[in-house]
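Straight from TrEMBL, the features:
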- 7-220: domain 'HpcH/HpaI aldolase/citrate lyase' (DOMAIN)
- ARG68, GLU127: substrate binding site (BINDING)
- GLU127, ASP153: Mg(2+) binding site (BINDING)
Amino acid sequence: MTAVHPRTYLYVPADQEDKLAKARTAGVDALILDLEDSVAPDRKDAARANLRAWFAEPGEPGPEVWVRVGADTVERDLAVLPRHGRAGVVLPKADPGSVGRADALAGRWEERAGVRPGTVRVLALLETPEGMAAVDRVAGAPRVHRLGIGEADLAASLGLLPGPDRAELAPLRSALVLASAVARLPAPVGPVETAVHDTALLREGTRRLLRQGFRARTLLSPRQARAVTEELTPTAEEVERAEAVLAALERGGRGATVDRSGGFVDEAVARAAREVLSRAR
């Protein structure tokens, strides 16, 4: 069975108790409880306390949960993770050095918490030239479960001035897609759309990410979830076409065939069809 991975990851500032209280019912596939950029330095301790209390609350299983730690406060931020081991870590400004340090710190946390080694998974966020230059090493590092991209930081560091179609960032996006495929990771997670009220822009950008090989996106607001989910989910027509492709290959009983519409079908076409069906949920 094909693994099902989140399509929508909602950032939730950990110092905002009202947003934490509503997070489990936000209608997204995954939550990123944020201890990094969205929390002011003098609010970090309060945010950590909020997360300890949040994890202690009883409740039904909901979205996947991730904690975005601070690049310089990984050890302190890891301490908020629940001992049941059902939360991962989003590592900002990921590069081979920081991923290696996070692996060691997570190992120490697991030993103290008495949980199975390797329990803490990492979503590595590529935001620096150093990380992008070594994205293949980041993708292949221990604990790394998925890659994401932080385009605002990258563009600023590289002197890029992205236009409306973000074409200037396409090579960086492709690097993540390729590294993910080589490392056998799920397709990477796309960046936020900061214009939270512009649904047309959100949909257009999400369709572009899908064409470029991404299968998920981070969100700043729950109101963005529906549009992103719809754009990343195949239409009924796309599902019907994928099913027809696989049926044609099965009927043909060989490595390549022609479907009823006259289209050529081989294993590469079938693989693409299976990927479409894996997103139909």
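Glycine is treated like the rest: Cβ placed from N, Cα and C.
Just so you know, TrEMBL annotations never went through curation; they're auto-generated.
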Rounded to the nearest angstrom, how far is the Cα of ASP153 (Mg(2+) binding site) from the Cα of ARG68 (substrate binding site)? 16
Inter-residue C-alpha distance, ASP153 (Mg(2+) binding site) and GLU127 (substrate binding site) (nearest angstrom): 6
Quick one: give me the count of other CB atoms within 10 A of the CB of ASP153 (Mg(2+) binding site). 19
Protein Cβ atoms within 10 Å of ARG68 (substrate binding site), excluding its own: 26
Within 10 A of the CB of GLU127 (substrate binding site), the number of other CB atoms across every chain shown is 23
